[in-house]
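As given in TrEMBL:
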BINDING   His15, His17, Glu22, His63  Mn(2+) binding site
BINDING   His17, Glu22  oxalate binding site
DOMAIN    1-105  domain 'Cupin type-1'
Amino acid sequence: MVRIDYAPWGVVSPHYHPRATEILTVIEGSLEVGFITSNPDNRLISKILQKGDVYVFPIGLVHFQRNIGHMNAVAISGLIVFGSKPDISTDILAKAFQVDKNIVQQIQWRF
């Protein structure tokens, strides 16, 4: 999980995560976000997000973010680490997220 601070018209360059889905929540400001679909279409899917909006960038697809405002923008972004086969160790996830092992097991069970 990471906090991203965007200067006015600041950009997170197009990139991808080959083994993770990314989820982004806008805390302040307005962001243009988007991703490119896979072959054969390679279509741009984009949206303008406002404070409180959440967006998911699918695993392995090129995506970007841009602050479209004249003020700073802030977002929280995280990579989905649940649902791997085999599961990531409960001990590792509990320590990383600073939660009880039972909570991690409940989340892993859902995937």
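These residue numbers are counts, starting from 1, taken along the chain as shown.
The backbone N, Cα and C atoms fix where each Cβ goes, glycine too.
Each residue in Tyr16, Ala20, Phe35, Phe57, Leu61, Val62 lies on the same chain as His15, His17, Glu22, His63 and has a C-beta within 8 Å of the C-beta centroid of that Mn(2+) site, without being one of the site residues.
In this view, the densest Cβ surroundings among the binding-site residues His15, His17, His63 belong to His63, judged by other Cβ atoms lying within 10 Å. In this view, Glu22 (Mn(2+) binding site) is surrounded by 20 other Cβ atoms within 10 Å of its Cβ, with every protein chain counted. Counting residue by residue with DSSP, the domain 'Cupin type-1' (1-105) contains 13 helix, 45 strand, 47 coil.
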